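What Swiss-Prot lists as domain 'PABS' is 5-238, and the listing cites sequence analysis. The S-methyl-5'-thioadenosine binding site annotation in Swiss-Prot covers Gln32, Glu107, Asp139, Gly140. Sequence annotations record features per position, and here Swiss-Prot assigns spermidine binding site to His63, Asp87, Asp158, Cys159, Ser160, Asp161. Residues annotated as active site, proton acceptor in Swiss-Prot, with sequence analysis given as evidence: Asp158.
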Amino acid sequence: MTHISTWIDEYHKGSRFGLNGEILIKQNSKYQEIIVIENEYYGRALMLDGCWMTSLKDEKYYHECLVHPALSSIDEKSNVLIIGGGDGGTARECVKYPQISKIDLVEIDEEVIKISKKFLKEIGGEAWSDKRLKIHIDDGVQWVKKTRDNFYDVIFIDCSDPSELSNLLFSDSFYRECKRILTKNGILATQSESPESFKNIHISILKTLKKFFRVSETMYSFVPIYPSGIWSWTFASEEVLHLSKRNCNEALRIEKSCEIWNLNFQNAAFKMMPNKIVKELNS
């Protein structure tokens, strides 16, 4: 059988990042074009509507950084909500915590889940068979609207970059509703874009979260497959966040299972805000 290699590129502001390899699947869902390619270095990689979402090589930079600063620092974590996350990586990191009773994963595009289960099995791993994980094919904005007050202990927003499909996940009204359905000590954890490639969106997210939550903190790290390679995650709450704990038994247990995240990595990442972002936030 002949394997045909081709280049697949993401274009961004006059630059492009491409992977060469065999296209394993290319199809249009109800919402977007979905491609999975097999690359010699990055392994299998997922692209949605021309944007790289994840790859087997570097997905843990993203998923471990989104999940563990929140879950390792909060005592009560019975109910967890994941908005997006159809590749399964965020759920995989969540199921490491036995205290969690239920994980609602709300993904608008069922095809992303189906394709991830088939072609990117390593990312979701055991999460797909964990009985605590409940999958809902639904609009995340509408799901949050119909959820009762003070229900979730942690909300993860694991969505794609702002687009026609996801714009409302970055809106004031959405963050306000997320705050409403969080418990008193709950944490909202969201990917907050790149301070380089998506600077204006990044600053907008940070300012909006500061408007609705008493406390918010942002960490920076690397996701090589994304434009510019630097990414961010922001954590917001009404209570003081304990994201810089150095002696946390929960964190020490979890980091043994991680490739990227540990407490030292996290503590440094929370101190990496570029000065141009600091100036913008203070202006």
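Here the Cβ of each residue, glycine as well, is placed from N, Cα and C on the backbone.
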Other CB atoms within 10 A, centred on Cys159 (spermidine binding site): 22
Other CB atoms, at most 10 A from the CB of Asp139 (S-methyl-5'-thioadenosine binding site): 16
Rounded distance in angstrom between the Cα atoms of Ser160 (spermidine binding site) and Glu107 (S-methyl-5'-thioadenosine binding site): 11
Number of Cβ atoms other than its own within 10 Å, given for Gly140 (S-methyl-5'-thioadenosine binding site): 26
10 Å Cα neighbourhood of Cys159 (spermidine binding site): matching binding-site residues from Gln32, Glu107, Asp139: Glu107
Site diameter for S-methyl-5'-thioadenosine, Å, by largest Cα distance between Gln32, Glu107, Asp139, Gly140: 16
Inter-residue C-alpha distance, Gln32 (S-methyl-5'-thioadenosine binding site) and Asp158 (spermidine binding site) (nearest angstrom): 17
Asp87 (spermidine binding site), number of other Cβ atoms within 10 Å: 25
Rounded to the nearest Å - Cα separation of Asp87 (spermidine binding site) and Glu107 (S-methyl-5'-thioadenosine binding site): 10
List of residues, in chain order, with Cβ under 8 A from that of His63 (spermidine binding site) and at least 6 apart: Gly89, Thr90, Arg92, Glu93, Ile123
Inter-residue C-alpha distance, Asp139 (S-methyl-5'-thioadenosine binding site) and Asp158 (spermidine binding site) (nearest angstrom): 13
